[in-house]
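Database features (TrEMBL):
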TRANSMEM  21-43  transmembrane segment
TRANSMEM  63-82  transmembrane segment
TRANSMEM  103-123  transmembrane segment
TRANSMEM  129-162  transmembrane segment
TRANSMEM  174-193  transmembrane segment
TRANSMEM  205-227  transmembrane segment
Amino acid sequence: MVSALSKRIHLHAERIAVRMDFAALTGNSAVMNVIAFLAPLVFTAFTWQSGPDESGLPLTVMAYLTVMYWVASIAVLFQFNSDNQLASARMIGVMPVSRRTQVNMRYCSASLLFLICFAELGIEIALSRLWFGIGLSALVTVMPLAMAAFVVLAAIVIPVFYSCGDFVKAYSRLFTGAITVFFAVQIILLLLPDGLRSQVLSTSITVSPIGWVVIGVIAIVSLIVSYRMSLRIWSTKEL
């Protein structure tokens, strides 16, 4: 009886933590939620010049932008943890959910965003194929790499935002860094001669079996280290 009650209380606490996360992300506007979900579909525009044999780089760019969009959404979950929003932070600190449960459910929320991210990326790829006839030969490599990139980036973002006291500053740095990398790649491509640019666009992306093992190990280790760091930071942080 006591065990069943304890389990029920724990599940209720987990639901509270996840509800708080998605309250920070979605707000109260259904229209804005729909817009936020549909916004990454514009990334299909980066594949419009690609033919059936030029799928490597366009798919990579589209996947990169989609992954960064949803990793940035993970960062939004932390807006109530900012020292600049002291009332919200104190409410989180005293609500009937342990710090460990809050961290566990934050990673659970990030996992849900991972699923949403790749569901949307699948829609983008289908639209690119339907509208622009993009080749899918690179898909078998791009998708796993994008998944690993999401895990590693999320593993970096979560403890960083747990440790930061200024949400706006940390979020602006994340956004600026992502945009800088993207436009740097675009500028480099524009500066390349036409022949070399076409060659780069059509280059197929391949990873050796050993490379996949290394990528998998990096993703798993980064996630474990990230969780332990987040738990340590949030458990000892004063609100």
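Just so you know, glycine gets a Cβ as well, placed from its N, Cα and C.
TrEMBL: automatically predicted annotations, no manual curation.
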Ranked first among 63-82, 129-162, 205-227 for CB pairs under 8 angstroms with the transmembrane segment (174-193):
63-82
Counting only residues 6 or more past its boundaries, what in the same chain has a CB within less than 8 Å of a CB in the transmembrane segment (63-82)?
20-21, 24-25, 36, 39-40, 43, 46, 88-89, 91-92, 106, 109-110, 113-114, 116-117, 120-121, 124, 142-143, 145-146, 149-150, 153-154, 157-158, 161-162, 164-168, 170-171, 174-175, 178, 182
